[in-house]
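K.L.:
Right, I'll just put the structure down here and ask away after.
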Amino acid sequence: YNIQNKKLLSCFDATWAVSWIQLSAGIPIAMLMWGSGILTVPKVTTSDVLKLAPVGAAFAAGQALTVASLGAVAVSFTHVVKALEPAVNAIASAFLLGQVFHPLVYVSLAPIFIGVGLASSAELSFTMFGFATAMMSNFAFVFRNVLATKFGSVGEMGSDTVTRKTNQLAVLTAVATLVLLPVALVLPGGLLSIPSSWAKTVKAGVPAGSLLYLMLSSGFHFFMYQMSSFWVLSCVQPITHSVLNTLKRVVIIIVSILVFRNPVTAQSAAGTGIAIAGVLIYSLTKSYFSKKGNK
């Protein structure tokens, strides 16, 4: 998803349109699963949809801001900044949910901040816009998680865990798509700019078929990317998910550097390594004190 997304954004400048298309791609996929009987159709009311609106808004904002960052800077740098999400989550949980961790858990966040600071100061593709949008996406996704916790589950999503998680994502995707639609219509680089951006991209030498493929496949992979994350989270312990998420970010950073051949300075590489290691240290520290507190 990240590789195709960057390829698309490198030649197509309608960023808000890309964000909306990638979100909306999940709707026909979910409808296909419901229609074929692979997935039980969820039962939700208008009240449920309204209840999910704030969660959907945070999800839509997180997606749009991530896409904006990926379009502005190297994929590897976006994901280095997104390594700060656990730190944002820890702080937001304390203020919004009253969930306070052991002091050493907060101390363990230091390597993440140090690593991101080092990587940012030496990043050759650095722009303030790319950094700011990646950082704001962290807040958006954390607020999505916090709001989901506060509002709880809605409607009847299914009996087994996989069905329930998939339906939750499908319904949330539909709500987020609706919430983002007015914004994607009004802002520059939105849906109304698709014809002009499309013509400019094709004129620059990108085949229309290749552009369409990148657009549709990036949307498909975005939904599958989210769905696999939901599934894994429902099947493993939180600490296992945190470790896997850290490894995922490492793979994305390494593969994107190899594919796009982004130049990397020694300081940037060191900062990236420290930040990623910091995420793992934080996850292990948080898990240790959580288990200790439950005994």
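Glycine is treated like the rest: Cβ placed from N, Cα and C.
Positions annotated as domain 'Sugar phosphate transporter' by TrEMBL: 1-283. Annotation source TrEMBL lists transmembrane segment at 12-35, 55-78, 90-114, 126-148, 169-191, 211-234, 246-264, 270-289.
I would like each feature placed in context: is it buried or exposed, what are its neighbours, and how far apart are things?
P.N.:
Beyond the ends of the transmembrane segment (55-78), by six or more residues, the same chain brings 2-3, 5-6, 9-10, 13, 15-16, 18-20, 22-23, 119-120, 123-127, 129-131, 133-134, 136-137, 140-141, 143-144, 147-148, 151, 172-173, 175-180, 183, 222, 252-253, 256-257, 260, 262, 264, 272 to within a C-beta distance below 8 angstroms of the stretch.
A Cβ distance under 8 Å defines the sequence-distant neighbours of the transmembrane segment (90-114), meaning residues of its chain 6+ beyond its ends; these are 83-84, 139, 142-143, 146, 149-150, 271, 274-275, 277-279, 281-282, 285-286, 289-290, 292-293.
Sequence-distant contacts of the transmembrane segment (126-148) (same chain, at least 6 residues past either end, Cβ-Cβ under 8 Å): 54-55, 58-59, 61-63, 65-66, 68-69, 72-73, 77-78, 81-82, 84-85, 88-89, 92-93, 96-97, 120.
Within its own chain, the transmembrane segment (270-289) has Cβ neighbours under 8 Å at 76, 80, 83-84, 86-87, 90, 101-102, 104-105, 108-122, 238-239, 242-243, 246, 249-250, 253, counting only residues six or more beyond its boundaries.
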